[in-house]
Amino acid sequence: MLPSKPTSIHLLTVFLCFVPITQSYSSSLQRCEKIDSCSCRLDNGTEISLHFADNSENGNPIFHYHYQASKPYAYFKYSPCIGLPCGTGITNASLCLDPTLLQPASDLGSLSSATFDVSGENVSVVYTSAIGEKLQVISRVHLQCSDVERFRFDSNRTTVYNFTLFTRCACPGGCGPRRLTGEMSVGTVLVLIFFSAVTLYFGIGSLYRKAVYGGTCSEVIPHREFWVSLPPLMKDGYIFFISPCLGNRTDYKTYDKL
């Protein structure tokens with residue numbers, strides 16, 4: 001007996017079984033869109049931001065690592081958010097190698113070259129820097145989500161360097177956007193504007209009434225009649241607002257209902 005041709009029901013069953021597999025596979029592939037040199041946004045909307053790593057107060061952390069396996073000892077500096085001077089004529093380095101005080105420092109990656117690479121659930125920051133006209137250094141900083149913050153040199157092969165940065169800020173949303181030191185919130189700005197306006201109102205108004213009308217004492221208060229009548233009006237409004245709760249209390253009985 002010949003096998004029957006696949007029906008539409010069979011094809012639909014195969015399709016429904018295949019779609020979840022495809023979706024689960026594609027959902028693991030994410031990209032981290034660059035926001036600036038030390039932060040990016042994942043496909044799910046969460047951010048990875050290194051601005052406040054290493055308990056940085058100004059949003060520009062700097063990490064150091066002494067590699068003692070080499071002689072002379074290698075000294076690495078990593079600044080993910082702001083450029084560093086590194087050798088002659090270099091002012092915008094993110095990764096800098098300073099082998100000794102007697103040798104010139106080497107730029108291992110410029111700040112402007114930073115790109116974010118996602119592999120599975122791991123995010124890396126990749127930097128490039130030119131040496132001469134033909135050679136190019138590629139440095140990769142692997143970001144590891146960790147409560148203990150430290151920077152580590154892993155390996156290098158000719159012009160390829162690998163580092164790992166352990167920090168809670170490498171966790172998606174681990175160091176969300178926070179206000180930099182000295183930056184005021186919207187509420188603070190509104191409060192300052194309000195009190196500045198009140199000060200100008202009473203200051204300029206008092207000077208005007210004293211100079212033009214010759215007012216003294218309370219007479220120099222601008223719109224004095226309004227401010228004098230305001231407390232009784234506020235009391236009446238308050239009693240009217242809570243009148244359903246007063247019942248037979250004296251204040252409610254003496255209140256002239258509208």
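Each Cβ is built from the backbone N, Cα and C atoms, and glycine gets one as well.
Copied over from TrEMBL, here are the features:
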type     : residues : note
SIGNAL   : 1-24     : signal peptide
DOMAIN   : 60-173   : domain 'MRH'
TRANSMEM : 184-204  : transmembrane segment
Checklist outcome for this item: Checked against DSSP, the composition of the domain 'MRH' (60-173) is 6 helix, 64 strand, 44 coil
Checklist entry - How does the model score the domain 'MRH' (60-173) in terms of mean pLDDT? => result 86
